[in-house]
Amino acid sequence: MASKVTDAIVWYQKKEFLSVATTAPGPQQVLPGYCQCSLKDQGLFIQCLIGAYDQQIWEKSVEQREIKFIKLGLRNKPKKTAHVKPDLIDVDLVRGSAFAKAKPESPWTSLTRKGIVRVVFFPFFFRWWLQVTSKVIFFWLLVLYLLQVAAIVLFCSTSSPHSIPLTEVIGPIWLMLLLGTVHCQIVSTRTPKPPLSTGGKRRRKLRKAAHLEVHREGDGSSTTDNTQEGAVQNHGTSTSHSVGTVFRDLWHAAFFLSGSKKAKNSIDKSTETDNGYVSLDGKKTVKSGEDGIQNHEPQCETIRPEETAWNTGTLRNGPSKDTQRTITNVSDEVSSEEGPETGYSLRRHVDRTSEGVLRNRKSHHYKKHYPNEDAPKSGTSCSSRCSSSRQDSESARPESETEDVLWEDLLHCAECHSSCTSETDVENHQINPCVKKEYRDDPFHQSHLPWLHSSHPGLEKISAIVWEGNDCKKADMSVLEISGMIMNRVNSHIPGIGYQIFGNAVSLILGLTPFVFRLSQATDLEQLTAHSASELYVIAFGSNEDVIVLSMVIISFVVRVSLVWIFFFLLCVAERTYKQRLLFAKLFGHLTSARRARKSEVPHFRLKKVQNIKMWLSLRSYLKRRGPQRSVDVIVSSAFLLTISVVFICCAQLLHVHEIFLDCHYNWELVIWCISLTLFLLRFVTLGSETSKKYSNTSILLTEQINLYLKMEKKPNKKEELTLVNNVLKLATKLLKELDSPFRLYGLTMNPLLYNITQVVILSAVSGVISDLLGFNLKLWKIKS
């Protein structure tokens with residue numbers, strides 16, 4: 001065997017491709033042709049080695065042909081222009097994966113490590129925290145961090161005897177690490193990369209990159225956006241800072257930086273707005289865009305919405321020198337304060353303005369020399385009309401109205417694209433290569449929304465019934481208009497504050513738990529009334545005259561209440577999101593019911609045509625993906641894992657020392673955590689199960705099939721058409737049953753095997769505790785099954 005391996009390695013180093021042999025595989029024919037890997041990957045090499053013994057002559061012949069095809073590629077293949085059929089649907093559309101959400105590029109292990117490091121060394125990562133949070137929240141977290149450090153120092157430095165347990169002081173540290181990890185995973189989709197260099201060299205390099213890209217685009221070259229990023233990332237290494245420099249920069253950033261929402265404009269992806277909904281145009285509002293370029297220097301030149309010159313007239317009359325000067329100044333200011341990623345995002349916005357200037361100037365040049373050609377003119381007017389209408393709709397709207405931004409942008413872009421496609425199809429490709437860049441970057445021209453890219457994008461309409469008071473009217477409505485009305489109804493719903501009040505109460509209870517624990521350990525309930533107020537004060541705070549102990553207790557109380565409140569506030573946000581998902585599902589189910597549609601003030605239509613079924617499936621998948629998805633799932637999964645850990649520790653403590661279980665301070669807190677988290681998880685499971693049940697309700701399709709048979713009876717002449725629709729409804733019912741899955745909490749429960757293992761472990765632990773307390777053997781997992 002050793003000789004075979006040696007010969008295989010020699011053969012592997014000398015031979016490039018495997019030749020077809022007619023004899024049995026020998027020592028020098030052990031590697032298959034598809035494994036052209038380096039010797040560094042030992043696992044793959046051994047896989048190739050042992051796989052060679054399974055091969056036959058036909059497989060080697062096939063591999064030889066595959067290698068030949070790989071060498072030639074598609075260059076010699078005859079190719080014709082083809083187009084994807086936009087009027088057909090894919091299984092991704094029905095499943096919902098066609099409406100993709102932003103995902104982090106790093107694995108969860110790396111994000112967890114980064115979150116822990118950024119919490120432990122909080123002051124040294126102040127720029128990152130300023131970019132992913134607001135300035136007020138950053139100062140609040142900084143104060144809590146310093147107070148926690150002070151509490152640990154006071155606990156270690158005190159010499160007088162006291163009754164303060166160590167868990168009371170270090171307990172908030174674990175919660176701080178958990179919150180930091182959760183926040184790092186939430187913002188991981190558009191967290192700016194750390195700057196690789198500082199100082200004037202970076203500013204000069206960014207300024208040079210900005211000028212270079214503007215001149216290249218003016219010459220018509222197809223430079224990508226990675227030019228600036230590569231210029232920044234290839235420059236030098238990060239310089240080391242002393243502790244004094246860090247705190248001096250922290251003090252400087254505290255009073256001069258506006259770090260409210262810088263990170264949300266750093267990467268050119270679909271941004272997630274304040275209420276959690278995705279804005280597909282790549283930017284939230286004009287206000288958030290301006291926040292990203294604010295600077296403390298008074299002579300900084302920024303670009304306001306009215307100065308950005310989106311309309312055609314301003315683009316035609318704007319001087320190129322002023323445009324390049326503004327681009328240079330903005331790039332300089334951004335690079336000096338926000339790092340390369342944020343400056344890169346802003347320069348993309350500015351470069352597109354310059355791109356429009358150069359494109360219109362080139363259009364004017366073509367029109368001067370070729371007055372009979374209308375293609376450049378139509379292309380320029382189309383892009384200008386689309387961008388100016390979108391800019392006008394955003395400039396006169398507050399930042400909070402994100403849903404109107406979404407739907408108006410969708411409709412504006414759809415109308416502009418449908419009105420200009422027939423005029424500027426070939427000419428724009430030949431004359432304006434910059435338009436191709438905008439076409440590629442435009443999220444409306446990507447493949448995430450296939451039902452928007454038909455011959456009339458976003459304008460495929462179905463006949464729907466709407467109510468105006470007591471009058472019943474019929475109107476042709478598109479998917480965007482129907483979903484917009486559903487969105488308006490969901491946004492107008494007033495959420496309850498019951499769980500928020502419950503979270504506030506739990507925060508206060510967990511903060512007062514150490515005081516109650518010391519009182520219960522010092523005196524009995526009968527003797528509690530016999531003590532004076534001063535004696536109870538001394539017992540609750542653990543000391544009478546020691547200022548260090550009193551300060552430590554007060555600091556621990558403030559930090560504990562604040563961190564617990566933040567965690568339960570995030571759970572309340574997740575509960576509100578789950579409630580909105582349930583409202584989406586309810587209103588979607590009301591579309592095909594006349595009585596419920598009138599009561600809910602949403603349109604009503606029947607699935608009497610194949611086109612209606614297609615729109616119904618598209619609308620169903622789209623509404624399922626609306627709102628926050630991954631960010632809320634991170635919060636829920638963290639609560640789920642925390643609950644499992646708390647329940648496991650409580651069960652272990654009860655099995656080990658159940659007689660003195662309440663004699664430990666941390667056991668009191670674990671019981672309160674277990675009860676409160678269980679209530680929230682039950683709420684999440686209830687809302688999620690109801691939402692899945694609403695979307696998986698096939699009774700709607702069965703009812704529509706009955707309606708088709710009733711219509712066949714009244715109109716026998718349309719029997720063939722109605723039979724076709726009935727068959728499509730049957731196929732849709734089978735497809736939904738195959739694709740839909742029951743609701744499960746995000747995290748480990750998504751894997752059925754791990755879900756069952758976790759379920760058995762928890763139920764086994766609880767069964768052991770109950771059996772030990774009651775005196776007889778009880779197996780809960782058998783009862784549940």
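The backbone N, Cα and C atoms fix where each Cβ goes, glycine too.
Residues or ranges marked as domain 'PHTF' by Swiss-Prot on the basis of sequence analysis: 46-191. As annotated by Swiss-Prot, transmembrane segment applies to 136-156, 164-184, 497-517, 553-573, 634-654, 668-688, 760-780. What Swiss-Prot lists as region 'Disordered' is 190-239, 304-401. What Swiss-Prot records for 200-209, 359-369 is compositional bias 'Basic residues'. Positions annotated as compositional bias 'Basic and acidic residues' by Swiss-Prot: 210-219, 391-400. Sequence annotations record features per position, and here Swiss-Prot assigns compositional bias 'Polar residues' to 220-239, 309-333. The N-linked glycosylation site annotation in Swiss-Prot covers ASN329, ASN697, ASN756. Summarising the annotation, Swiss-Prot assigns compositional bias 'Low complexity' to 378-390.
Between the transmembrane segment (634-654) and the transmembrane segment (497-517) there are fewer than 3 Cβ pairs closer than 8 Å, counting only residues 6 or more apart in sequence, so the two stretches are not in contact. With helix defined as DSSP H, G or I and strand as E or B, the domain 'PHTF' (46-191) counts 100 helix, 0 strand, 46 coil. Mean pLDDT, taken over the domain 'PHTF' (46-191), works out to 85 on the 0 to 100 scale.
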